[in-house]
Amino acid sequence: MTKKHLIDPMDFSKEELEEIFNLAHQIIANPKEYSNVCDGKILATLFYEPSTRTRFSFEAAMMRLGGKILGFSEPNSSSTAKGETLADTITMVSIYADIIAMRHPKEGAARLASMYSEVPVINAGDGGHQHPTQTLTDLLTIKSLKEGLNNHVIGLCGDLKNGRTVHSLIKAMSRYEGTKFILISPKELSIPTYIREEVLLKNNVEFREVEKLEDVIEELDILYMTRIQKERFFNEEEYLRLKDSYILDVEKMKLAKDDMIVMHPLPRVNEIDIEVDKDKRASYFKQAEYGMYVRMALIAKLLEVV
Ligand code: CP
């Protein structure tokens with residue numbers, strides 16, 4: 001692997017992604033073989049925004065590879081609270097750690113960090129922009145549960161305007177043959193123009209935009225639900241009006257194919273009824289588990305320890 005940082009889902013070629021997915025599968029099959037490959041290495045997790053899965057899975061990944069971790073989950077406990085710039089923080093942390101995973105509310109913050117870092121920087125989410133390691137998680141899930149990454153009809157449902165996981169997944173899946181997207185959202189929360197024009201239209205990817213999940217669920221191979229992102233709304237009334245736009249329940253699942261899988265980057269609020277968890281097609285917790293293994297593979301590749 002020649003790449004130093006992972007900032008955008010397109011930073012890796014399809015071949016490099018295959019290497020990561022193959023390694024993730026090897027780690028799943030034989031975790032003991034990889035339990036010391038990061039001996040002596042340190043991962044810094046710098047989280048300027050809340051997280052459960054991404055931070056814990058990065059930290060669990062490094063510990064399962066035999067490495068150590070440092071970092072913060074609350075920026076006010078760091079010198080950011082005293083006015084230190086991101087550039088200075090990264091300059092310092094890249095002296096202490098061998099690799100950095102960073103989440104930040106500002107779009108472009110991870111790219112900026114990579115310019116000041118002596119060690120690999122992984123974007124763990126930058127504002128409403130991109131979330132490339134969620135995309136690695138999503139691709140590994142699809143590859144593992146749907147026998148490969150080609151020829152899938154993917155329904156993306158919910159807050160497609162603010163959902164960075166959606167933007168990253170559209171970019172990544174647009175490279176695979178036969179991908180067709182059905183974009184399900186209220187008009188107010190439809191995909192950003194740059195995704196529609198610079199990714200979908202520019203690459204001749206088949207897609208259509210609809211407002212009702214019930215109208216299209218029977219066509220889908222993959223249903224990717226997302227939460228309405230309260231923290232990205234400027235107007236609380238608008239959030240309250242839109243927050244329950246979609247609720248996937250047992251009745252709607254009856255309309256879907258027997259082998260459709262339901263994915264969700266999590267956390268969920270109420271867009272998937274908990275009764276759906278019992279359905280064998282509910283794949284979101286398995287997806288989160290794949291997230292840890294794919295991050296193990298990513299860390300190992302970026303540190304060149306395998
Ligand atoms: N999927 C995801 O990014 O979850 P967290 O916000 O809990 O990290």
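Backbone N, Cα and C define each Cβ position, glycine as well.
Taken straight from TrEMBL:
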type: DOMAIN; residues: 4-143; note: domain 'Aspartate/ornithine carbamoyltransferase carbamoyl-P binding'
type: BINDING; residues: Arg53, Thr54, Arg103, His131, Gln134, Leu266, Pro267; note: carbamoyl phosphate binding site
type: BINDING; residues: Lys82, Arg164, Arg227; note: L-aspartate binding site
type: DOMAIN; residues: 154-300; note: domain 'Aspartate/ornithine carbamoyltransferase Asp/Orn-binding'
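Where TrEMBL records a feature, it is marked here on the structure.
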residue	record	DSSP class
Arg53	carbamoyl phosphate binding site	helix
Lys82	L-aspartate binding site	helix
Arg103	carbamoyl phosphate binding site	strand
His131	carbamoyl phosphate binding site	coil
Arg164	L-aspartate binding site	helix
Arg227	L-aspartate binding site	coil
Leu266	carbamoyl phosphate binding site	coil
Shortest C-alpha distance to Arg103 (carbamoyl phosphate binding site) - which of the binding-site residues Lys82, Arg164, Arg227: Arg164
Among Arg53, Arg103, Gln134, Arg164, Arg227, the binding-site residues whose C-beta sits under 6 Å from ligand 1: Arg53, Gln134
Of Lys82, Arg164, Arg227, i.e. the binding-site residues, those within 10 Å of Gln134 (carbamoyl phosphate binding site) when Cα atoms are compared: Arg164
Rounded to the nearest Å - Cα separation of Lys82 (L-aspartate binding site) and Pro267 (carbamoyl phosphate binding site): 31
Number of Cβ atoms other than its own within 10 Å, given for Arg103 (carbamoyl phosphate binding site): 25
Nonlocal residues around Leu266 (carbamoyl phosphate binding site), in sequence order (Cβ under 8 Å, 6 or more apart): Thr52, Arg53, Tyr284, Gln287, Ala288
Candidate nearest Arg164 (L-aspartate binding site) in space, where candidates are the binding-site residues Thr54, His131, Pro267 and distance is Cα-Cα: His131
Site with most surrounding Cβ atoms, counting all protein chains shown within 10 Å, from the binding-site residues Lys82, His131: His131
In the chain carrying Arg227 (L-aspartate binding site), residues 6 or more apart in sequence that have Cβ under 8 angstroms from it: Gly158, Asp159, Gly163, His264, Pro267, Arg268, Val269, Glu271
Environment of Arg53, Thr54, Arg103, His131, Gln134, Leu266, Pro267, the listed carbamoyl phosphate site - residues of the same chain whose CB lies within 8 A of the CB centroid: Ser51, Thr52, Ala124, Gly125, Thr165, Pro265, Gly291
